[in-house]
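Engineer: Following this message is one structure expressed as structure tokens.
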Amino acid sequence: MLNEELLPIWLDHDCGHDDAFAMLLAFHSKIFNILGISSVHGNQTVDKTTINALITLEIIGKSNCGYEVVKGVRSPMCRPEQVCSEIHGETGLDCPTAELPKPTQLPITDRPAIQVMFEKISKFYTDNQQKQKVIIVATGSLTNVALLFAVYPQIKPMVEVSLLGGSINFGNISPAAEYNILVDPEAAKVVFESGVKVIMVPLECSHKALVNEKILERISDIEKADGKQTQFIKIIKGLLLFFADNYKSTFDFDHPPLHDPLAVAYLIDPTIFKCKLMRVDIETSSHLCLGRTVVDLFSMSKLQKNVHVCTDINVDKFWDLMINAIDNCYNHLYKSNILK
């Protein structure tokens with residue numbers, strides 16, 4: 001594909017296990033022009049999620065290929081920082097059964113992430129004669145994105161947002177709220193009320209994208225076709241198995257949901273989702289329902305509909321996209337002589 005045929009995106013995430021798979025899907029689906037990567041607090045501290053983004057570039061064979069990681073904000077707009085060690089471990093990318101590579105490149109730390117985001121996104125938009133908007137794929141807290149919109153409001157006509165977060169009915173960090181929204185509800189409110197097109201992939205979709213034995217077998221089959229046992233597949237399965245163990249101990253799930261790649265999958269093939277434009281408000285004051293995405297399913301609100309909410313997913317087609325990307329990554333690593 002020529003560059004002008006690729007879909008321009010910016011990856012903004014709190015790189016944990018499922019964020020790493022979102023990166024893999026984005027880099028190895030061959031339809032994206034990835035303008036940059038920013039880290040943010042969430043699954044772990046921003047220091048750790050920044051390192052994890054760099055590690056993931058090593059794993060997927062994209063380090064030192066011109067893709068920069070810029071270190072984002074370390075805390076929510078109005079609240080104390082929180083992390084999710086019970087799911088992602090002490091590093092945010094724990095993988096006890098396989099040794100992860102060390103980063104060979106450094107992040108950008110001398111300028112605020114939102115400045116870098118603004119410069120790169122606005123340059124692309126201008127150079128492209130305003131023909132293509134850049135889609136910010138947000139799979140962590142929305143603090144970077146909210147601050148970007150607040151400090152550089154002129155960027156709003158240049159972007160859309162595809163995010164993994166929120167829910168229609170239930171939460172995963174409280175009875176009412178999903179984690180990415182709850183860690184910074186004020187930021188989510190800014191983004192949802194920005195006037196920018198927002199695509200929300202909620203828990204109702206991601207809790208159907210389960211990593212079961214059949215999926216693990218399909219991943220194993222990628223290297224079996226070559227009669228090999230590779231460090232890459234060992235890492236991929238190790239990350240998923242650690243994720244599975246923690247979902248079992250925390251939620252008693254038999255299989256873990258691979259949340260974050262869905263925000264990328266929507267951009268690859270929107271037809272695998274059912275989606276509806278609805279009014280969504282963010283609860284920022286209730287003790288019981290803090291961080292809830294209040295989704296107006298029946299158009300009761302008089303306020304303008306503001307979010308394209310995904311309500312269902314074709315799980316088989318999602319996994320076809322994900323397995324194909326893992327296979328593409330595997331082949332890329334061998335062709336580049338990264339895997340021996």
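Cβ from N, Cα, C; glycine included.
Sharing the features that Swiss-Prot gives for it:
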{"type": "BINDING", "residues": "Asp14, Asp19, Thr139, Asp260", "note": "Ca(2+) binding site"}
{"type": "BINDING", "residues": "Asp18, Asn172, Glu178, Asn180", "note": "substrate binding site"}
{"type": "ACT_SITE", "residues": "His259", "note": "active site, proton donor"}
Engineer: Sorted by position, what residues of the same chain at least six away from Asn172 (substrate binding site) have a C-beta under 8 A from it?
Structural biologist: Glu178, Tyr179, Leu203, Phe251
Engineer: Between Asp14, Asp19, Glu178, Asp260, which of the binding-site residues has the fewest other CB atoms within 10 angstroms in the structure shown?
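Structural biologist: Minimum Cβ neighbour count within 10 Å, taken over the binding-site residues Asp14, Asp19, Glu178, Asp260, occurs at Glu178.
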Engineer: Give me the sequence-ordered set of same-chain residues, not including Asp18, Asn172, Glu178, Asn180, with a C-beta within 8 angstroms of the centroid of the substrate site's C-beta atoms.
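Structural biologist: Along the chain, the qualifying residues are Leu164, Gly165, Ile173, Tyr179, Leu203, Ser206, His259.
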Engineer: Secondary structure at Asp19 (Ca(2+) binding site) (DSSP, helix/strand/coil)?
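Structural biologist: Reduced to three states, the DSSP call for Asp19 (Ca(2+) binding site) is helix.
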Engineer: Counting across all protein chains present, how many other Cβ atoms fall within 10 Å of the Cβ of His259 (active site, proton donor)?
Structural biologist: 27
Engineer: Measuring Cα to Cα, how many angstrom lie between His259 (active site, proton donor) and Asn180 (substrate binding site)?
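Structural biologist: Asn180 (substrate binding site) has its Cα 11 Å from the Cα of His259 (active site, proton donor).
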Engineer: Under 8 Å Cβ-Cβ from Thr139 (Ca(2+) binding site), six or more apart in the same chain: what's there?
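Structural biologist: Once residues fewer than 6 apart are set aside, Thr139 (Ca(2+) binding site) is near Leu11, Asp12, His13, Asp14, Asp18, Asp19, Ala22, Leu163, Leu164, Gly165, Asn180, His259, Asp260, Ala263.
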